[in-house]
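Below: the structure, in structure tokens.
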């Protein structure tokens, strides 16, 4: 009895010693793999990934054969259906994934736990697994860089460039749509009135939707994939953008724009993450900068369409008095077209292979990489060139406790549970962005995003409104004043514009088919006068008296008869109802849209220069230098006293600031690892939209009050943000972790 007990004890002790020795050998070999990958990456060789067959490395896959099967790297593996390979050097069996397991194979891979099961003490310690995963990530990053270099840069990247460019263009359009149509929509839907601060809030409401959307869709793209999330969020944007052009209520219009903004909020973080993951390190900075140009093209497109469409009041139709489709609604439909085109084109593009590798989908990633390689080689006239990659490293996945939902629950409860689980996953992933060593960089990036956006969007609101005030002041300076006039039995059938009539007497006069534009009658008397088909835009009657007057088909009502005006024995027939809208009466409409068009057009030279120099002078130098120069150019607005001077400074500011935007997009993309790239970028972009809201409200409330506060605030914020940007780490030499 004692002998058998001793034998069992010796057997258990011997098994533990063997396990410890196997563990020591595995760690030794993992370190050796990382060192070998680093050396070979510096020499640009594929020898290890193509020729070295090391059965001790964890989680390598075999590639798909042309006939759809899998290649076996070891004859002895024919006897194994699942996950065990033989190590010739150490005579130790270690887990190795050999492709998709057979249908009858139910053995779990070593080091993994089924969802919902607790982690037991028999598994390796968490810290040790994290170190191994970090080593796997580093090795995968080095290998993936070499694979992308073998795939080359060609037709596939340019196709994806155009598709993602359309998506980014739709985001640029969305940012400016509400600002362009808000004055027309307020007039058309009888929502006029309020202060500049109120208009600032209404103009910023789309940014609130984009802020939530950026954080949500950015986080979701790290969970379910770049392409799928981009398709969903753009479908949401396109549907509600079209719907907003048809709704008749002002509240419903703003609600549709908020939901459309929620959809388009995910475009920027997903697009840059997606495109960066199919670019080699040498091409990444330049081509991400070229991609940025589509956002500015979207801004130019929106400005040009607003200038060409909105002021044309004749581009409209009506269905009775209940349904009106004016020119600004046509503009909204036209602005939704880039989004629709992007959705259609994106359906023909594959998922990011880097994302598939991150989530352990080796076979899907290998097929997409082969597609990239073959597409580029065929375009180069080398269709016979073979994709030589036969294995790709897969990082170990750290298992977590997962709450399982009962199968007996109904569809609604399951959907709510799934949503709750996904949101919790996004928050957990977001908190990891503030773990070492990402914490410091994340905070710096957040500061730079906030300051650049606050200055840019704040001034984007302030510039046009200041120009409007300059135009209004110039218009008011040319007003004609008529006093103590007496006119009898006269027919007015022409336009009266920018005039003030005081103490006038009008007897038996006829006002026929005419317009009153910015005309004010003060202390005047109208006796036995006839008004027929009269439109009064910006015109008022102050403390006037109407005796036996007759009004037919006019828009003169109580809102125009103010400050004690009396109407005695007078009648109104067929008055024009609703809010009359005509851009023929707006002296500044064409000019304001044209100024916005010039300001956006000025960014193209800066965009081209930044793309060409991004990899030459460095991301940080361009980011910090552009923000500082933008702040300095903003300060010189203090000396702008004329309309032409303000327009010139607007163009200069936009041209200088675009380099900062391009650099910031590239740096943010390269600063986060693949499993947190969408989440981190989405968080920064959400801060960008929050700053846009604050900038719109604060700068909008200061229009017409003072120039000092907006100029000093924008200048100081931009300079401080630029100095923080210079403290960011240089990511030019980074491979995508």
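A Cβ is built for glycine as well, from the same backbone N, Cα and C atoms used for every other residue.
If you look up TrEMBL, you'll see 41-50, 122-134 marked as compositional bias 'Basic and acidic residues'. If you look up TrEMBL, you'll see 71-82 marked as compositional bias 'Low complexity'. What TrEMBL records for 160-732 is domain 'Major facilitator superfamily (MFS) profile'. Look at TrEMBL and you will find 23-88, 101-135 tagged as region 'Disordered'. Positions annotated as transmembrane segment by TrEMBL: 160-181, 201-217, 229-246, 252-276, 288-310, 330-349, 445-463, 590-613, 620-639, 645-667, 679-702, 708-728.
For the transmembrane segment (229-246), the neighbouring stretch richest in Cβ pairs under 8 Å, chosen from 201-217, 288-310, 330-349, 620-639, is 330-349. The largest share of C-beta pairs under 8 angstroms with the transmembrane segment (645-667) comes from 445-463, of the ranges 160-181, 252-276, 445-463, 679-702, 708-728.
Note: the stretches the transmembrane segment (252-276) and the transmembrane segment (445-463) are not in contact (fewer than 3 CB pairs below 8 A, sequence gap of 6 or more). Of the candidate ranges 201-217, 330-349, 445-463, 620-639, 708-728, 330-349 contributes the most Cβ pairs within a distance under 8 Å of the transmembrane segment (160-181). The stretch from 201-217, 330-349, 708-728 that makes the most Cβ contacts under 8 Å with the transmembrane segment (445-463) is 708-728. Sequence-remote contacts of a segment are chain residues at least 6 beyond its ends whose Cβ falls under 8 Å from one of its Cβ atoms, and for the transmembrane segment (708-728) they are 441, 444-445, 447-448, 450-452, 454-455, 458-459, 462, 620-621, 623-628, 630-632, 634-635, 637-638, 657, 660, 663-664, 667, 671, 698-699, 702. Model confidence over the domain 'Major facilitator superfamily (MFS) profile' (160-732) stands at 82, taken as the mean pLDDT rounded to a whole number.
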